[in-house]
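Notes follow the structure.
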Amino acid sequence: MAKIIYDNETTFDALKDKTIAIMGYGSQGHAHARNLHESGLNVIVGLRKSSSSWAKAENDGLKVMTVAEAAKAADVIMILLPDENQASVYYSEIAPNLEAGNALAFAHGFNIHYNQIVPPKDVDVFMAAPKGPGHIVRRTYTEGIGVPALIAVYQDATGNAREIALSYVKGIGATRAGVYETTFREETETDLFGEQVDLCGGLSSLIKTAFETLVEAGYQPEMAYFETCHEVKLIVDLIYEGGLERMWHSVSNTAEYGGMTVGPRIINDESREAMREALKRIQNGEFAKEFVLEGMVNHPVLKAMERQEKEHQLEVVGKQIRANIPWLNREIDDD
């Protein structure tokens, strides 16, 4: 079982006299920077000179520098850039400014685990990964609570990497909800698996296939959308709040019996084998290699799939339905 650390077990001592550079000011970046700053820690933000976020970060009361300047000024450097951009920025702007005893931090282990970034041996390397999007990390912090987070130490050059990681997650509010210790390998492989197999890939494919099945059978697309997509949130919220048991307890007996008897026929042994194959490709690095190569040529496959998704009938119908629901929260975190 994972070890869980709470607020009363941690202090800010390991970061008290250090400067923390947050590289990036997107969804996670703005939340980390503002939470750490409001926790009384010394925070700077590293951005490109041309970044539209420069003025935003300054307006939020933060000191902003270029990435290279921030790396040179900082003791702890948290890289909160897209996975595919991290290595190039690291080698061109961060690595030349690293000093022995500095700490490199990540919110996801992809680049370290798959050796896209190979840090020098004389710096600490740790992970601080909140299990929620940036706007939730920020909102819950301001409410006096927080979201759970993961920590991991990949390299402990100073002998103090774990304490720095714990002070960091305390600063973003995560210890209020509980912090779980893991490894870079475990976080990376389980995170990618979840994204691909159920949270993003599996769920979206299940929704689209169910929608297409109803429409092909002659049902109105609007009815198909409500039953296969719109109501997903109702079910997911129940699971999020109380697990599968809460969900089964809350739905009708008809839904419970039908779901329990038919569900295993849909997600069956063939599906399980496909999941094992997806996990194998994550573990052996095949997926990482494919993704890195795709990024090197500016993501042509991803862009084509995004266009196809946007044109899918489910998306067209869904957009029309959502436009007619005035109370629906349509806030999108573009970052």
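Each residue, glycine too, has its Cβ placed from N, Cα and C.
When Swiss-Prot records TYR25, GLY26, SER27, GLN28, ARG48, SER51, SER53, ASP83, GLU84, ASN85, GLN86 as binding NADP(+), the matching candidate from GLY134, GLY144, GLY146 it lists for that site is GLY134.
Rounded to a whole value, the Cα-Cα separation of HIS108 (active site) and SER53 (NADP(+) binding site) is 22 Å. Taken through DSSP, the domain 'KARI C-terminal knotted' (183-328) splits into 124 helix, 0 strand, 22 coil. Here the domain 'KARI C-terminal knotted' (183-328) returns a mean pLDDT of 97 for the predicted model.
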